[in-house]
Amino acid sequence: MGEVHHASGTTSIKGTGVVAGVAYAPAVWVRPRPALPEIGTPVAEDARDQQFERFTAAADTVAGRLAQRAETVEGVAAEVLTATVGMVNDRGWRRTVKKNVAEGHPAEYAAVAATQKFVDMFEAAGGVMAERTTDLKDIRDRVIAELRGEPEPGLPDIAGEGVLFADDLSPADTATLDPAHVVAMVTELGGPTSHTAIIARQLNLPCIVAAGPALRDIVAGEPVLVDGALGTVTRNADEESSRTAVAQFRERAAVIAQWRGPARTSDGHRVQLLANVADGNAARVAAGTQAEGIGLYRTEMSFLSTSTEPTVEEQAAVYRKVFDAFPDSKVVIRTLDAGSDKPIAYATLAEEENPALGVRGLRMARDNEGLLLRQLDAVALAAEGRGEDAPTWVMAPMVATESEAEYFAGLCRERGLTAGAMIEVPAAALMSDRLMPHLDFVSIGTNDLTQYTMAADRLSPQLAYLTDPWQPAVLRLVKETCRVGELTATPVGVCGEAAADPLLACVLTGLGVTSLSAASTAVAGVGAQLATVDLATCREVAAAVLDTSGADTARELAREMLLG
Ligand code: PEP
Ligand code: MG
């Protein structure tokens, strides 16, 4: 995403930081991918079967190796590896290779062409599906290396400590990396939801993705300073100050590890700290943290690869897994936010000029109300039997008008559910006084609120300077929402990425936000930071950042005021 040369002789390369943390160690590159074969001369007809046998043997070997590795690891790593084995064994993929071989292509090229077909399909689907293409290319490369008798591409053995560099890490690579040796990860490509990011979060390894081609100049063995919070890789950094930065980070990490909830400011003002989850597994991880409950269960994430709508009972079984992880605490479940960056086969409209501004979230109910009704029935069914101390709150994404809020709240109440709306469209924030009387709570989705306030695509790396929740314009909308929340005694949460930033969490508290919901790994960092400031300071900092000219100035000012 860009390279900045500093007067001190250092150069920093900027990417998207996905896990905070500071590390300083020599660069280690993942073993290169094999060169891909060009289309060659056709194989004689009587030798084609043998080509397919070669392919099958190589694919089986790769699958066997990955399956073996899956047995040596646990948790998400094992799941990722098992999923990869499933892809190597995918019948559709193997059938396409067979067809290509039958047309006369050698095994290597047949595998490349078959993979490309699926890559094209996934890319056309866009969003999260497109990020899965790394997985497909990874198994292709492993099979090709095997066919040629070359070493398996991927992680080298690392002596001592190293910062791992790659174009993009495959799930199989990330699943087996050893955090005793890998102290940070940086990839040229990838996104915040790529496997690299998922595993880095799980291992709590500083991680930067989408750092761009400037990375390629970094040679193996060169010491680099990585700051996961800032998303920077610094070359030629001074060794002593780098080591100090790492030590300071470790000290702070130790304070965070010691922190115990529930969250409150130094003068005792309570802020409810909750976790964002995508499924039952993530909810169980969250239950092991200091989170007091779930503040955002993104239900659509459970159905990304589901082609037909699950029945009410099937959906209820999925939701129950999340509820069961928090049997005695609040769970805020969000109805399907299909569309745009989260395509769901059974819910998303096929073609839209402008999907982020299209029929997504609650808007889908206009043409397909049954989908929403069935989901709410499933939520009510799954929530049956949950006690008074385990409230089930339901909210709709992409609410923009009073009548949408009223409509959704009515459906929830018919089913005995507590009704809320996400505030992620600027119109909803500005009309808070009309929306809130219909609702039991609201939760501000700062990711989309920022995207729509700044008119900047949240997935665009070029526009990251605009899609920054520190933008005072966004914070002013948060303030307006909180003002009405206080007047109407409506709880106002924040569940976008903003809630995961410890300093911004203090600002949001100062603005009047009553709960913060963030990725499990961010919860303790936010709680520990809140414990260091009193409410009056939070309010002072909030007032000051609202009056700045932009995101960078706002962030800097808050840093100065809160950290000195
Ligand atoms: C948001 O928009 O801030 C939000 C929490 O929802 P999502 O990121 O799932 O769109
Ligand atoms: Mg959103």
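Placement of Cβ uses the backbone N, Cα and C atoms for every residue, glycine included.
Here TrEMBL flags HIS195 as active site, tele-phosphohistidine intermediate. Secondary structure from DSSP puts HIS195 (active site, tele-phosphohistidine intermediate) in a helix.
Counting only residues at least six positions away in the same chain, the Cβ atoms of LEU274, ASN276, GLY295, LEU296, VAL332, MET422, SER443, ILE444, GLY445, LEU516, SER517, ALA518 sit under 8 Å from the Cβ of CYS495 (active site, proton donor). Annotation comment: TrEMBL describes CYS495 as active site, proton donor.
Annotation comment: TrEMBL describes ARG298, ARG334, ASN447, ASP448, ARG458 as phosphoenolpyruvate binding site. For the recorded site, ARG334 (phosphoenolpyruvate binding site), the DSSP three-state label reads strand. For ARG334 (phosphoenolpyruvate binding site), applying a Cβ distance below 8 Å and a minimum sequence separation of six or more within one chain yields LEU296, TYR297, ARG298, THR299, VAL394, MET395, ALA396, PRO397, MET422.
Note: GLU424 (Mg(2+) binding site) has non-local neighbours PRO397, MET398, ILE444, GLY445, THR446, ASN447, ASP448, LEU449, TYR452, GLY496, i.e. same-chain residues 6+ apart with C-beta under 8 A of its own C-beta. Annotation source TrEMBL lists Mg(2+) binding site at GLU424, ASP448.
Here the domain 'Phosphotransferase system enzyme I N-terminal' (14-132) has a mean pLDDT of 89 out of 100. If you look up TrEMBL, you'll see 14-132 marked as domain 'Phosphotransferase system enzyme I N-terminal'.
Positions annotated as domain 'PEP-utilising enzyme mobile' by TrEMBL: 162-231.
If you look up TrEMBL, you'll see 261-533 marked as domain 'PEP-utilising enzyme C-terminal'.
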How many neighbouring Cβ atoms, not counting its own, are there within 10 Å of the Cβ of ASN447 (phosphoenolpyruvate binding site)?
17
Taking helix as H, G and I and strand as E and B in DSSP, count the residues of the domain 'Phosphotransferase system enzyme I N-terminal' (14-132) in helix, strand and coil.
78 helix, 14 strand, 27 coil
Given the recorded positions HIS195, ARG298, ARG458, which one is most crowded in terms of C-beta atoms within 10 angstroms?
HIS195
